[in-house]
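According to Swiss-Prot:
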type    : residues                                                                 : note
DOMAIN  : 2-184                                                                    : domain 'tr-type G'
BINDING : Asp14, His15, Gly16, Lys17, Ser18, Thr19, Asn131, Lys132, Ile133, Asp134 : GTP binding site
Amino acid sequence: MKNIRNFSIIAHIDHGKSTLSDRIIQICGGLSDREMEAQVLDSMDLERERGITIKAQSVTLDYKAADGETYHLNFIDTPGHVDFSYEVSRSLAACEGALLVVDAGQGVEAQTLANCYTAMEMDLEVVPVLNKIDLPAADPERVAEEIEDIVGIDATDAVRCSAKTGVGVQDVLERLVRDIPPPEGDPEGPLQALIIDSWFDNYLGVVSLVRIKNGTMRKGDKVKVMSTGQVYNADRLGIFTPKQIDRTKLKCGEVGWLVCAIKDIHGAPVGDTLTLARNPAEKALPGFKKVKPQVYAGLFPVSSDDYENFRDALGKLSLNDASLFYEPESSTALGFGFRCGFLGLLHMEIIQERLEREYDLDLITTAPTVVYEVETTAKEIIYVDSPSKLPPLNNIYELREPIAECHMLLPQAYLGNVITLCVEKRGVQTNMVYHGNQVALTYEIPMAEVVLDFFDRLKSTSRGYASLDYNFKRFQASDMVRVDVLINNERVDALALITHRGNSQSRGRELVEKMKELIPRQQFDIAIQAAIGTHIIARSTVKQLRKNVLAKCYGGDISRKKKLLQKQKEGKKRMKQIGNVELPQEAFLAILHVGKDSK
């Protein structure tokens, strides 16, 4: 056991985690040069296309160190995006140490900080690594000072390497073996294995990634899931050397995969503890905090025949992604679907794309909303995650919206722009600290504003230099209203949105204008209105298509023309009574972009 090292690689987006993993795998000979490819751990097509890591991946490698000993390295490559931070905390729970990778050109960014604090809270040994020293813009001295100043860990002798060229990666491994402590645990004690992650394989059923904390797990053992008490047979187990390799047992301190022929998706939840049926452990290991979704949106299959497949797909995906929340929902405009909860907009986009790709579904998404706390006049408190569930205005005593605490790190040059943006988003500044030429800003901003497009706009006002980390702080009373959209005097539930009273006029007007562009013209006039309660705040009309009935009139008898026009008018009126308006998918997505173009 003293030769096992478990560690994660944590860093801000694009600081080179996945490339460093590639080099480590290459040096330790996990894959032959022929099998090696760039970002070998980003196995999902989506990850490669966007160049981001979404799922944490684990690998077990053997490394022969300079002291002649052979060490087992179990390492986990983690995502860097704020939306996937729960993946990072799950990976860290399985480790004793973490490599904090910092780009020697960019310096410390907000996610670097957030992930590093997560690691420190879990009492992990953090080893700083300065990456990308081959860049002409690299300034390792300055960045080492930044790490000490902002993060507060000693970085004077931080390892310098370039994952791209492979310089210094050997030193990283030596430092790892020296500084990160071996796992603790009792190899003879009763088995306790933490489920770090699981996913669904069509042939094997549920595959779980486990970290053995105490005891040993052997092939063929009867394993008990502690939360449900169900017993399964450990059919196969092994390790990843990126490839799945079968083993006969997993020893204390190791990280490996396990297949128990579990067909039920909820059979082995992530964060649960496995133990032996015949010699069970006294208590379960502390799991992970359940992450609360911040953004909710309705997902509906385009054709209602896909509903069953859609339900199964969501089940399989939620196994792989513990933070996805979903419950059935029906809408008059869109039929049956699910209300899903996500950690942020990127998460929502990724999930939608994974559903469409991996399970071949066509989906319609409604506008994302956050959760509001409503105190009714009967003094009940309810939580509302969709505009259609909001009680009538006269039953609401107080409506409270979620406030997020946002930590931003940015160069001083962009401070003015960013402050203007935060104020426009109804933010309140709570803190501001200067570190060298970087500024750390803390703002409290309503979650609804952060979730919509704050991140994109922050990046664009600061030319990509500002970075953001946010978390839910509290609910706060504020003047929010529901804007309904009426098409030909019928409310369309899927188009309603909740917004601040100050913006409601402009939001309503903009939404109506957007709709006017997107709804195709029909044989009759379509009235589009935005309303708060019964008060109409904006209206526009999609003009009808009409045939020129006077074209065949030759000469000028006015009564003949009037008769024809009158007849046409009556026809249109009848049509309007029975006509339905088809809404294209773009119309639902228009709400997402309301408030973006006007800036």
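Positions of Cβ are set from backbone N, Cα and C atoms, glycine also.
Just so it is clear, the model here is predicted, and its values are computed rather than measured.
Between the binding-site residues Ser18, Asn131, Ile133, Asn131 has the most other Cβ atoms inside 10 Å of its own Cβ, all protein chains included.
Classification of Asn131 (GTP binding site) by DSSP places it within a strand.
For Asp14 (GTP binding site), the Cβ neighbour count at a 10 Å cut-off comes to 16, with all displayed protein chains included. In the shown protein chains, 24 other C-beta atoms lie within 10 A of the C-beta of Gly16 (GTP binding site).
Under DSSP, Ser18 (GTP binding site) is assigned to a helix (H, G or I) in the three-state scheme. When the Cα positions of Asp14, His15, Gly16, Lys17, Ser18, Thr19, Asn131, Lys132, Ile133, Asp134 are compared pair by pair, the longest gap among these GTP-binding residues is 17 Å. The predicted model assigns the domain 'tr-type G' (2-184) a mean pLDDT of 75.
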